[in-house]
2 protein chains.
Amino acid sequence: MAEPLPDLIQEIVSDNSTDDTGAVLDAIVSQDDVAVATLLESVPVEPRLSLWQDLPSERKLDVLVEMRSDPREILIDATEEEEWSALFSDIEAEELLELMDSLPNRLVDLAYAELDAQQQTFFREATQFNDDQVGHWLTHDLLVLPLNAKVRDGLRLIRRNVPRHCDTIFLVNRSGQFSAVVRLTRIFGSPEHVPLVELIEENIPVLKGSDESTNASLQVQRSGFAALPVVDDSNKLLGRLDITSASELINEFYERQVMATAGMDEDEDLFSPVAKSARNRAVWLGINLLTAFLASWFIGLFEATLQQVVALAVLMPIVASMGGIAGSQTLTLIVRGLALGQVTKANTRALMVKELKVGGVNGVIWALIIGVVAYFWFTDVLIGVVICLAILFNIVAAAIAGVFVPVILDKLKIDPALSGSVILTTVTDIVGFVAFLGLGTLFLL
Amino acid sequence: MAEPLPDLIQEIVSDNSTDDTGAVLDAIVSQDDVAVATLLESVPVEPRLSLWQDLPSERKLDVLVEMRSDPREILIDATEEEEWSALFSDIEAEELLELMDSLPNRLVDLAYAELDAQQQTFFREATQFNDDQVGHWLTHDLLVLPLNAKVRDGLRLIRRNVPRHCDTIFLVNRSGQFSAVVRLTRIFGSPEHVPLVELIEENIPVLKGSDESTNASLQVQRSGFAALPVVDDSNKLLGRLDITSASELINEFYERQVMATAGMDEDEDLFSPVAKSARNRAVWLGINLLTAFLASWFIGLFEATLQQVVALAVLMPIVASMGGIAGSQTLTLIVRGLALGQVTKANTRALMVKELKVGGVNGVIWALIIGVVAYFWFTDVLIGVVICLAILFNIVAAAIAGVFVPVILDKLKIDPALSGSVILTTVTDIVGFVAFLGLGTLFLL
């Protein structure tokens, strides 16, 4: 069995003695491409580059394909100019499509020139689509037969070669339009003279090249087939989306969601160079700073009040924080619903009502608890009343914002997973501070 | 083609006139199980229950299996006691395993009694494993032959029946121990008398029943096979983990990560009853409240300072907020790395160094910017200096906490995706407030 990844990371990171470099390298090379890619992403830049130098040339392209963009680009930058021709010698359209965003244009051109005519066509076809469309991620290894083919023809085709993750033969009509699908397993059991049209699958979903890739990938995952056919607008067969590509697209989609909550993207490198990483994150910090200054400006409106009732300054963060947490719960639920297509125009209203009720219940409960604690802390009934009302108000506002912010962002085609939380927190901060300090000014001065 | 989901949601939610109920129901029933499950999750409880009543009995179990636990339990509670025998009449072990956490014990017993002896064995075997272990999620439809079988035997087996997502025959020795794997596609092309052992795959990963399910599922996804064999400690073949189950397990893993950032779990129902939803979220609000009170208590230590320099109260949230954002970026990166096995004991130190450098760079830049703005706002150099130092201090502290908090939680077997952010924010709030108000007390009083 292959050596576990943590041990290899340990050996690469800890080891500067060159005694058993050979042994470590052998252990690494014996891993599959994904494992080597993961390993390269898991070590700092220096050992990463030296490992990259030592990696057998014939593995390099396959490993690059499996890496995230950011760590990959470091290796691409460090690769000698004259090495590329060799690396590209066996490149295929699908690999170039995966790599092209990381490669400088001249290298894309160089790689393109290495493709044969067929692969060049595939590449050009795929680049007609955006990378969030199915057409960009097609597999072109197909089993295709004309509509009038028989089981005999099917068996002959299968005996020659069956591509990976391919469990069907596609039937096309004379003009190359997609017509139907036959499972390979139905062919094995049938007499040779039976026409394939008698064995076709009903109700198989057919994807379009222009379909959004995440939803299409979910369709593949749940179809029970290893791949679904993909056609263009005139029903011409373009290729298929197989379950490996579908799974990768879905994993990327989820990683994007997770990383977006902190204003990063899924390609962020664990060990990116400090300057690059600082720059990536600075944008998000800057946006946050603007909203924080905005909140402070609102607080500043109540300077006179704060000066007289310092307890307000002490308790202020509690109001903002409870609103932020309550809002982020609603937001997270709605963002997931939008991403999975479960939140639509039709049920937004019903969701709003439900979230308002949940916010109302939690608002009342926590407002009372916090009010009582604040009363005992500062032995002042009015402070208790003021924070109680402010909390209730802010949690309800958070529920409203938690539904509306992502729904509106989604309608504006802005990713709510990325910008939702920063807008929501701005709302709950400002509403919280203004409600609390405003009520404080009314009741306590 | 099937009617799109949003339209169906629209029709179910908006429509109380009963004119075309039949037509809507027909459109729903024509969808696949996952689509019906998604639809039921996407509508409020009342229409959900009425749709459930109308759903053909033979679809109900399959649809339940595809739903999330929370919305599913609402339907289970609403199902008439005498209906269950009929629903369970064709149940299989895998379905019962999926449902068992949502069912009351007496219903699990009822369903178990409906399984045949073979399925009961599968069920009992699976429940020996936890639901985060591969053994819990096995598929038992296998193509198995003895080690000495020939291509002829393989072809006979394939002609009889090939299960879904099955592209290999497993070879076992006389004592039922797993020995090797042959791809179906290699069998088609080979002469009938060739022994299968001559066609076996090298380097196919073999899973153990006790393996952690997410990592094992990733292995399946990247293996290029439709399923991987699963064995017990004595190498006896238990079943296989197919790519559909693997994909579902991975999707659930990612959903858990996304929802955990807001203190929820992946089974949260878009339209759960208000009481249940409020209760689910109250825990998280309560934990957050404790940490908010803790932060306030620290602020309270500086009441005298706040009274004299009200600008500190105005600027206070900026310090906490910048620390929180910077920390959550580091945290999110590390949590993902831990989940994917990329962050280990071996590289924690190197990560710490890198995050400290990134924090240092961003700390200095933003500290200076904020310091200058604060100086112009309050026309007081010392206020600028104080907030500048506090921001720098807090962003660096955030980097340290962003690495250590998740690593330590992970070592304590506590999910860092869930509790990481609340602990991190507590650290950055307290460090930020104490640094800012402490420095304010030193410089400004």
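Each Cβ is built from the backbone N, Cα and C atoms, and glycine gets one as well.
TrEMBL does not curate its annotations; it predicts them automatically.
Database features, via TrEMBL:
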type	residues	note
DOMAIN	A:31-134	domain 'Magnesium transporter MgtE intracellular'
TRANSMEM	A:282-302	transmembrane segment
TRANSMEM	A:308-335	transmembrane segment
TRANSMEM	A:356-377	transmembrane segment
TRANSMEM	A:383-409	transmembrane segment
TRANSMEM	A:421-444	transmembrane segment
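With a threshold of 8 Å between CB atoms, the same-chain residues lying at least 6 positions outside the transmembrane segment (A:308-335) that come near it are 257, 295, 299, 302, 343, 351, 355, 358-359, 362-363, 366, 370, 374, 377-378, 380, 383, 386-387, 390-391, 394-395, 397-399, 401-403, 405-407, 416-417, 420-421, 424-425, 427-429, 431-433, 435-437, 440, 444-445. The residues of the domain 'Magnesium transporter MgtE intracellular' (A:31-134), classed with DSSP into helix (H, G, I), strand (E, B) and coil, number 78 helix, 1 strand, 25 coil. Along the domain 'Magnesium transporter MgtE intracellular' (A:31-134), the predicted structure has mean pLDDT 94. If you look at the transmembrane segment (A:421-444) against the transmembrane segment (A:282-302), you find at least three C-beta pairs under 8 angstroms, all six or more positions apart, and that counts as contact. By the Cβ criterion (under 8 Å, sequence separation of 6 or more), the transmembrane segment (A:356-377) is in contact with the transmembrane segment (A:383-409), since 3+ such pairs are found.
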